[in-house]
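See structure below.
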Amino acid sequence: MTAERPDHAPTTPYPRPASGASPGAALDAAPPPGTAPALTGPPAPALSASSAPARSLAPDLARGMLLLFIASANVWGYLWSSAAETSRYGLRPVGGSSLDLVVDGVVAFFVDDRSRPMFAILYGFGLATMAARLAARGAGRRDVRRVIARRSRWLVVLGVAHAALLFAGDILAPYGVTGLIALAFLQRSRTVLLWWFWGSSLVATVGGAFVLTFLHSYWGTGEIPPSDYLASAVERLFGSLAITTIAAVLLFFVPQVVLGILLARSGWLSRPWEHRQALGRVVVVALVVNLVGNLPFALAVAQVWTPADGAVGLTVELAHYLSGVVMGLGYVCLFAWVAAVLRDGPRRGVVSAVAAVGERSLTSYLLQSVMFAPLLSAWGLGLGGRIGTAQAAVLAIGVWLVTVLVAVAMHRAGRRGPFEVLLRRLTYGRGGSAAAVAVPHRPHAAPTPLAGPREPRP
């Protein structure tokens, strides 16, 4: 297997089509909030077992920029105020300056609850490409399921450890559990995927509304985090287990993972130059949906207005979360569009640096917590109780830039990220991917892609 990424599966499951090949069908219409895009067109051809394609720029570029969004969204989770209170919308510490409120509104509009859907979409893309790559080596469906299940379980373990040691807002464990759920539909047809999308969207939306209603009475109150590290670790551990359980039961990330699988099958990320117009349409519509669905929430976070309690407040928050799914897809398509524009140019400069972060996204994600936690936590230097959200935003950019420098250094040294190497070893064992699956000897048989059964097209 060539250059597989343990944090996300290999980003190029299919070879570049021959010159003159017709592109897949584009989106007939951009999706409204909470809907699946009409990703159509024939499945892309599978790799042969001996092929060694270059990495696709689009997923790496998207992941690299995603980590800037994640840093900007996560940093305020380390902040607290001496009054032990948070704002009702956005849950920021109270008492911020006017500049803090402006920054809060901007981050809420562009980043909050947009980075998680974007991450989940790319995670689904990674699962689909990993399955396709294993199938291209001749692995059977049972072997593919076994490898992905093992990887997902280890991702849960890494996520719980990350939460207990450093950051309560860990997302690896919920995604690992979602990866286990995805085994039910990863290798199924497009029709089955759409049923899963709509069903899980309904469950997540209704369940999310109940959760928001329950939590609304507690928002606006907070607490000063414990300064004892062990006490804080226990608190983070149980918080992570609760979040992971809720995400699994309510299928919070399943719709986005399905979108990622559909993107992988359509070739939108592996061959974005064939879909530039469709990608651009999705981006434009996502921006409009984000403006309409998220501006009221962003203004509430900036304390420009205060929604009335009850149905109005709940509607504002639901619109924020649902438009976040659309904007997450829009961001993925935006960076795929950029990759399509840069198709004929080599990776260099800023593009190469951001892509290097994307290639090592698991390491870069965990490295953020390694820097944030000791600086901001009450058990560390405690800066989280002394700086505002504007200063925290600057710190987030600085932390992301450090991860860029580290990723570029590893790229130039020809080294993978250490956590990518660790997860690969845990997933495949010492023998690597070839030893992890039982590959039958079929010298004359073509590998069968696991993109789901081909369905008749009108």
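The backbone N, Cα and C atoms fix where each Cβ goes, glycine too.
TrEMBL annotations: computationally assigned, not manually curated.
Per TrEMBL, these features apply:
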- 1-50: region 'Disordered' (REGION)
- 17-29: compositional bias 'Low complexity' (COMPBIAS)
- 61-79: transmembrane segment (TRANSMEM)
- 118-136: transmembrane segment (TRANSMEM)
- 156-186: transmembrane segment (TRANSMEM)
- 193-218: transmembrane segment (TRANSMEM)
- 238-262: transmembrane segment (TRANSMEM)
- 263-429: domain 'DUF418' (DOMAIN)
- 282-306: transmembrane segment (TRANSMEM)
- 318-342: transmembrane segment (TRANSMEM)
- 362-381: transmembrane segment (TRANSMEM)
- 387-409: transmembrane segment (TRANSMEM)
Taking contact to mean 3 or more CB pairs closer than 8 A (sequence separation of 6 or more), are the transmembrane segment (318-342) and the transmembrane segment (282-306) in contact? yes
Taking 238-262, 362-381, 387-409 as candidates, which has the most Cβ pairs under 8 Å with the transmembrane segment (156-186)? 238-262
So which residues does the transmembrane segment (282-306) touch in its own chain, when a touch means Cβ under 8 Å and the partner is 6 or more beyond its ends? 27, 30-33, 37, 87-90, 92, 101-102, 104-106, 108-109, 112, 114, 316-317, 319-320, 322-324, 326-327, 329-331, 333-334, 337
Count the CB pairs under 8 A between the transmembrane segment (61-79) and each of 118-136, 238-262, 362-381, then give me the winner. 362-381
